[in-house]
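Here the structure is laid out as structure tokens; the discussion comes afterwards.
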Amino acid sequence: MYECIQDYLTNHKDEKNIYVNKCISIVGSPLSAGQSLSGVNKACDNLRKFGLHDVIKAVGWGYEDIGNIGEKIPINGFLKQENIEKENDQINNNNPSYYNNIKNAEVIGKFSEKLFQTMSSELKKKNFILNIGGDHGVAFSSILSMLQTYNNLKVIWIDAHGDINIPETSPSGNYHGMSLAHALGLFKKKVPYFEWSEKLLHLKPENVAIIGIRDIDKYEKIILKKCNINYYTMFDIDKKGIYNIICEALNKIDPNKNSPIHISLDIDSVDSIYAPGTGTIAKGGLNYREIHLLIKSISDTKRVVSMDIVEYNPLLDESDKAVHGDSLPIDPNATKTGKLCLELIARVLGNDIV
């Protein structure tokens, strides 16, 4: 029924990535303004503390740690829902060509521009870009920066949620639930403080596959179908298996099997049994083996050029215990979700069982 995965993936362990050097640019993106919980901005430094650099070296890669992009928090803190229109009316002077219902638009827009500039600069080095969030709002700049260099970029968006609301349909005004729609150019108006991005190349719907969704808002369902986006729910994964799903997804978005690939991994795609440290939990997610096989299968193409890992919230995480199979140099005090994040980073870099 499906093209054999071996026909798509390149399984020679010694073959190099055809697009990037064996060196990683680590970019910390501690954006938290795209959602409402504190703690997600601590993920970058937590992963460093738990052994990020040692893990990268252990799997044979070099790295350059660029540090963290600064998030400028307003004096009065982030906005509550009831104050969104007041803030954005002040920003755009009631200009009808602008949206006025995106929470913390100024903070997010300015942060996103800095992130875009940083990643664009790092791309000149031909390094693999590892973008550690932060909330999933950071993916907008990540994807757009990659697209300006790799205009045929394909995106695998791994998430419990669609993140494809537009401001007209968003029930919360939280940007992290709209970032994919924004990257796809689906917004009908301008966004305050995102003017820098208006003329940039945006992602085409046929070049993205969403995997693992199980918590979709009413209007997101309409948008997904209307835009003919490739998506795979947890029901699809249960019926077909994760192995067949990633094979099908790759063949659909990249039939010529030669394009660079960006992975945008929201850790809430994983079931909370394995990844409790995240703010928007939905029951029935990917299990431990499924997420590892998914990342490994994409990595085996030898064409992954960048990865977001987002929505890890250390303040919500749980302790973990060491087991005999733990072979990576991860701090024994690492919490459950933090440890999984590091394992998946190693996996995308080619770490294998044998």
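Cβ from N, Cα, C; glycine included.
Taken straight from Swiss-Prot:
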BINDING   HIS136, ASP159, ASP163, ASP266  Mn(2+) 1 binding site
BINDING   ASP159, HIS161, ASP266, ASP268  Mn(2+) 2 binding site
BINDING   ASN165, SER172, ASP217  L-arginine binding site
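Taking only the Cα positions, the spacing between HIS136 (Mn(2+) 1 binding site) and ASP268 (Mn(2+) 2 binding site) is 11 angstrom.
Within 8 Å of the centroid defined by the CB atoms of HIS136, ASP159, ASP163, ASP266, the record's Mn(2+) 1 site, lie the Cβ atoms of ALA139, TRP157, ILE158, ALA160, HIS161, HIS176, SER179, LEU180, SER264, ASP268, SER269, VAL310, GLU311, excluding the listed residues themselves.
Within 8 A of the CB centroid of the L-arginine site residues ASN165, SER172, ASP217, the other residues of that chain are THR169, SER170, PRO171, ASN174, GLY177, MET178, TYR219, GLU220.
The binding-site residues considered are ASN165, SER172; of these, SER172 has the fewest other C-beta atoms within 10 angstroms of its C-beta. According to DSSP, ASP266 (Mn(2+) 1 binding site) is assigned to a strand segment. For ASP163 (Mn(2+) 1 binding site), the spatially nearest entry among the binding-site residues SER172, ASP217, ASP268 is ASP217, judged by CA separation. Annotation note: HIS136 (Mn(2+) 1 binding site) sits in a helical segment as assigned by DSSP.
If you take the Cα of ASN165 (L-arginine binding site) and the Cα of ASP266 (Mn(2+) 1 binding site), they are about 16 angstrom apart, rounded to a whole number. Using Cα positions, the member of the binding-site residues HIS161, SER172, ASP217 nearest to ASP266 (Mn(2+) 1 binding site) is identified as HIS161.
Note on proximity: among SER172, ASP217, ASP268, the binding-site residues of the record, the Cα nearest ASP159 (Mn(2+) 1 binding site) is that of ASP268.
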